[in-house]
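Asks: I'd like to ask you about the structure that follows.
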């Protein structure tokens, strides 16, 4: 999906879209914006978020609620200037080849929306408004608590005072807030309106395929708090022999990990709340998950099967180097794009994992027991890892990773099972069966 | 249970036609095996889709709102994705139950209908629903599309309850139109071919038709049931309203698809790129040869002439002020398709390059003869012959890989409102053709697109139509398969190939056409007849 040129230097894709967020504070706008950016980047589309709040912050780092009162002309002027600066930077970025710019601000008045619309249209950029509308008091308060602990606006402040100030700030926005097309005079706009976290949705005048794709993704998002747990299968016999692929059974230590996993999960969840478990269709992940409690719903996905190594399936890296020396070198040169003979590349895996990501976004708490390459791709999605680096990440065996998406990033906690296992990490050019990962190949940063 | 009656319905309903040529849209065929899933991404152990159980998609909407069109498009897409989908048109059941052409009593839809009409309605509904349960529960069906009017809120509520009792989840899909212009256009395009409206002004006939619907179904209520899962498609996809849908991936995928579809008429033309210079390997990406450049010009001339003729015919049918549709051209980023598209660019048409449309990657088979491939990769050849659609040679793409890669193109193809020329390699044309005409995976690798023909596909409500247009005066040596086509030995599909229909159906687009001077030929015209048969279709 990256903009490709052919021999004549013609761009294959020329659509540019500005995704304009709309909605009151604490409705999960920043969350949606950064998720969209992450998803698009993961799919190799050039996307960037322009957060008006961070422009405003350089002028007024920690403003009180009064700043956001429409009666406060000084505040209004500064906020207007911040929006203009953000939009100017965004337009500059589009001219440099940006494909999807996301304007993260409240854009809560018709006048502001019309202004953004006019500015973008003049530059040949399509506009897609995305509104998150929510009247559920409990959800809003949950969001406020989440935001106030993570937002730079309230860094180092008393949490109670911060929450109160934030409520007042929202009240000031409510005075002028107009939901998009509420009066029926914004029907000509392309928009997606998500009400009460998706129980009702309106989609209006989608203009092209890329827009429909973004809308499709956003419809799958929700802002209810949840976590995703990731684990590789327990150590397998192939891991011991240093062979890749295959459908081998677990080793003795792998079985120990499978027995330990329920406690590890319970410790991490902090109670007996059941999770839904997804495994691949291969023996080693199914065995790893088999001791989990009966009230855990288990599902097998073909799409979670390990990267298909084609003709190299079942070989050691030394054998691959001996039989297919050119392939061995080619893979290390561009591991993300290299496709095994008769098999898959990391890029292929990302494409086949897309439905998994969509389903994952829709779901609540999920535990995924899968394979090294698959886990690298899923991890890269949540942690915004670069394509050139993610295929080289060290994801150790016998370790449970808990990821919790938040408004401004994803939290990670790791739980070690303390059951020894071989290392399956491999450095560039190496053919060692097992080698110790170099320090910065870890996934924890 | 009255199985005889069910069998009778099966025999009479058009969708139970078991064999068809690849030149006839196979969307209503009953697949013999699960071989029609060109883009299946994964399957589940239970055979159920996405672990979400059995689903009924229940259509809602008055006649002339494009319900059948939506059902058929959706089935086409879901089946292409690998979902076992079948459409149950209530009209088929009515025709099989009611004698004399399926005309129902005048009060059939009235809230205060006579007991006889109510009983008739119940009988028809019962049969159709029993078939739906039977298919979902005993034949491994995943999605049943129930195509009927379903006009009242109370009826829809009890339907959802009844489906739930049979362990089937319900998703309602309403097509709601309040744009009068759109309504008239729909009615004009689909419904007024009936003898009732012969010699009538088209607009007048459409208005009359719409008024008839109103008197026949006076009690239609648009969906507003908060507790039901529904998608309301307003004015043919301008706006979507989506309520309380708790259906995982599938329902969103459906909305995603529907946001890209429309019910306006247009034509899609498939043409080959011209022949390349002798250095014709996949990696070389060679330019057009002299004959190739000439081909591009002759082909573009032929297409323009053909479109003129079709427009003239349309004007004769529908009035002098019918505008001519715009024409858009898509080609891949491969040099030969680009240079072929230049013939259209020179004529002032807009050309778009699509990187996804580049030809199938031949991998190690590049530049090898069939004999060499058999000698070098005997095991691969054996595997390939077992499953020519899914098998990939080393470093090559399979047709399945190609289909998955082409999914964005399929959605954009649905989105396109202009007439569209697709200039691509034969491998790409095969997969796109298979989507539009619903071919079996065994047939796809065998479809042939000789250079001296333009294939035109016209979407229609009930099934798509394919026609071929001859390109005259081409050097015969440039007509057959392109030199850089993969010489992969493709077995005869044998029993898998549908037998040609007697009297005109051709087994593949490659069948030679005897007379080169023939005017553009209409190979099959089943769809129009099928629709004509459905003029009074009001369930």
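Just so you know, glycine gets a Cβ as well, placed from its N, Cα and C.
These came from TrEMBL, pasted as-is:
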type	residues	note
DOMAIN	A:11-225	domain '6-phosphofructo-2-kinase'
BINDING	A:232, A:233, A:234, A:235, A:236, A:237, A:238, A:239, A:284	substrate binding site
REGION	A:426-445	region 'Disordered'
Asks: Excluding A:232, A:233, A:234, A:235, A:236, A:237, A:238, A:239, A:284, which residues of the same chain place their Cβ within 8 Å of the centroid of the Cβ atoms of the recorded substrate site?
Replies: A:248, A:250, A:251, A:254, A:288, A:397
Asks: Please work out the number of neighbouring Cβ atoms within 10 Å of the Cβ of residue A:234 (substrate binding site), leaving out its own Cβ.
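Replies: Other Cβ atoms within 10 Å of residue A:234 (substrate binding site): 30.
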Asks: Where does the mean pLDDT land for the domain '6-phosphofructo-2-kinase' (A:11-225)?
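Replies: When the pLDDT values over the domain '6-phosphofructo-2-kinase' (A:11-225) are averaged, the result is 87.
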Asks: Quick one: give me the count of other CB atoms within 10 A of the CB of residue A:232 (substrate binding site).
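Replies: Step by step: centre on the Cβ of residue A:232 (substrate binding site), count other Cβ atoms within 10 Å, giving 28.
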Asks: Over all shown protein chains, what is the count of other CB atoms within 10 A of the CB belonging to residue A:238 (substrate binding site)?
Replies: 19
Asks: How would DSSP class residue A:232 (substrate binding site) in three states?
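Replies: In three-state terms, residue A:232 (substrate binding site) counts as strand.
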Asks: Only counting partners 6 or more residues apart, tell me which same-chain residues put their Cβ under 8 Å from the Cβ of residue A:236 (substrate binding site).
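Replies: Long-range Cβ contacts: A:246, A:248, A:249, A:250, A:251, A:254, A:284.
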Asks: Please classify the secondary structure at residue A:284 (substrate binding site) using three-state DSSP.
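Replies: The residue in question, residue A:284 (substrate binding site), is helix (DSSP, three-state).
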